[in-house]
Amino acid sequence: MSILINKHSRVVVQGITGHEGSFHAQQMITYGTNVVAGVTPGKGGEWVLDGKVPVFDSVKVAVEATGANVSVIFVPARFAADAIFEAADSGVPLIFCITEGIPVQDMMTVRAYLDQKGVRLVGPNCPGALTPGEAKVGIIPGNIAIPGDIGVVSRSGTLTYEVLYALKLHGMGSSTCVGIGGDPVNGTSFIDALSLFEADPYTERVILIGEIGGSDEEKAAEYISRHMTKPVVAFIAGQTAPPGKRMGHAGAIIEGGSGTAADKIKALNNAGVRVARHPEEIPALLRS
Amino acid sequence: MNLHEYQAKQIFSRYGIPIPRGRVAANPAEAKQIAEELGGKVVVKSQVLVGGRGKAGGIRLAKSSQEAEELATLILGMEIKGLPVRKVLVDEAVSIEKEIYLGITNDRSSRKPVLMASAEGGVDIEEVAARSPDKIIKILIDPLLGLREYQSRDVAVSIDLPKPFWRSFISLAEALWRVYRETDATLVEINPLVITNDQRLLALDGKMSIDDNALFRHADLAEKRDLDVEAPAEIEARKYGLSYIKLDGEIGCMVNGAGLAMATMDIIKLYGGYPANFLDIGGGAGADKVAAALRIILSDTNVKAVLINIFGGITRCDEVARGILAAIGEVQPNVPMVVRLVGTNAEEGRRLLADAQLITAETLVEAAQKSVRVARGGAA
């Protein structure tokens, strides 16, 4: 009942002995995710999280030893690009990068390399993914969502939690929720996620949560009008954002007059997508 | 983060890009001295981080060192678009035969660097792009391969550069690519790149923006940050790892997460108010950070009410509540505050705040409506 991750996913956590990595690895395990390995160079041979998870010096060895097929990265920004390359070369087909603050030129090089290898990256600067009732990879709080048939894709973190929570209060659940991150250059795009939801038999409807900056929402609108049969509801944050200012996320900036919320809402409306005026309006739009 | 023209040109020069002879001056006497060394005929250019310096009278030609001193006196006393001119660049005056545009930036859409060139240099490139986009040549660069020589040659041909200049143009473009790569720039721009009367290529102006996320590996560039372009509250916020942007409204906002912070601003406007700021306290913010955030919000005298909207994930609502209490004790706010805590440890957080004079809200809509009402002096 999902895209990207499910109860069979075998997860390796890069940076598992760090503050963030160990905390969230524990949260993932508590949720029921198969965290099969951790990686911290120099700490290979240790066992962490109540002695349940083996630590390896490299992702490659971790994958060989445990059959991990998803990597999630919690390493600091200055080491993150290298961690992504390492994961890509280890043979895992799917990488989540939670790290915020990776230099954009690093990400352009990463993207070019990953495209050649055919490895999927989600993020960086993202909360990861949650398939309610099955698994979570990243930092989305597990208790705010219930299983259901709504696919959720978002550039934001807490705004996504807000939407999942609003759905839960209305008894509505999601198939998978995926955060694609707030950076200007990332891995998985809205279109990538939409096409996965379109193909997923358990997803009936999709929520797209975008924000100012770039043109990914406009491209998604075009994709929706041409290829999506499932209904899509959207919300775009940043209608009151001034031009030329970076609104927290590296990618959330109106540059040269383009990337405004108004443009994105118009493109989505033209594609037949209903756009909520605020996050708590989304459940009602899904019902109508 | 943007560099000044003189800083950008110094970097260009280190990479072998020819620039006019000249130096930066902080007072008229220095400007006169430099002009004398350059033979008297110079351009005096204000160094401020805004566009349209020329139109504002911040770039002037002097025929003598005496005139250079007078112009420096004039320009150093100016404010351009609200920014004080603290330095002038005194460059030799050159006779120009042709002006070209050359720049490299991040193309977000293709997720690759893009080299841009135009035979119409010396004017605002965004105007050229709007008026006649076909006059701008764009070449995408594979980040794994870098800028290739044939690409630069293609550009030279496309902008009708005379053949004798091809070789120097190709090495200049290669140097500009290395500047972009090695400084983690998001923009390197030469506008105009000129052909002088004595048949040389010369970078007459220079512009560079550096990726803030890459400053950890460019300590030399990080210290060039010009704080004049930032509001004092924004500088203060950065010290605490907070992301703050001042706006013109009356409702101060404190939110965790950039997307939710924008959505909170938007819903305030939807219900008839206007946000005073964007403020993201980030994930896992502790009490001291929350207190700093509240201080910064309340330093804006336009603020008539504060809306605190926290969705606890990594951030724990009880920690935020402790921060709010600490900040209230310290700054004694005289405006009403609306607080909404949801998620991790929200109940504990609400219990901690029960005795403080705060207005609480369950939903985002309720929080927005209440803050708009109290900002107007009404009851919640």
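Along the chain as shown, residues are numbered 1 onward.
Backbone N, Cα and C atoms are what each Cβ position is placed from, and that goes for glycine too.
Mean model confidence for the domain 'ATP-grasp' (B:9-223) is a pLDDT of 95. Here TrEMBL flags B:9-223 as domain 'ATP-grasp'.
The number of other CB atoms found within 10 A of the CB of B:V94 (ATP binding site), across every protein chain shown, is 17. Taken residue by residue with DSSP, B:V94 (ATP binding site) is part of neither helix nor strand, so it is coil. Annotated ATP binding site per TrEMBL: B:K45, B:G52, B:R53, B:G54, B:V94, B:E99, in sequence order.
The Cβ of B:D205 (Mg(2+) binding site) has 24 other Cβ atoms within 10 Å, all protein chains considered. What TrEMBL lists as Mg(2+) binding site is B:N191, B:D205.
In the three-state DSSP scheme, B:G313 (substrate binding site) falls into the coil class. Listed in sequence order, B:G283, B:G343, B:T344 are the same-chain residues six or more apart from B:G313 (substrate binding site) with CB atoms under 8 A from its CB. TrEMBL lists B:N256, B:G313, B:I314, B:T315 with the feature substrate binding site.
Counting Cβ atoms from all protein chains shown, B:T315 (substrate binding site) has 24 others lying within 10 Å of its own Cβ.
Each residue contributes its Cα atom, and for B:K45 (ATP binding site) and B:D205 (Mg(2+) binding site) these two points are 10 Å apart. Binding residues for substrate (B:N256, B:G313, B:I314, B:T315) extend across at most 10 Å, taking the greatest CA-CA distance.
Under 8 angstroms separates the C-beta of B:G313, B:I314 from a C-beta of chain A, among the binding-site residues B:N191, B:G313, B:I314. When the C-alpha distances from B:T315 (substrate binding site) to the binding-site residues B:G52, B:V94, B:E99, B:D205 are tabulated, the minimum falls on B:G52. A Cα-Cα distance of 12 Å separates B:R53 (ATP binding site) from B:D205 (Mg(2+) binding site).
Looking only at the binding-site residues B:K45, B:R53, the densest Cβ neighbourhood within 10 Å occurs at B:K45.
According to DSSP, B:N191 (Mg(2+) binding site) sits within a strand segment.
Secondary structure at B:D205 (Mg(2+) binding site), as computed by DSSP, is coil.
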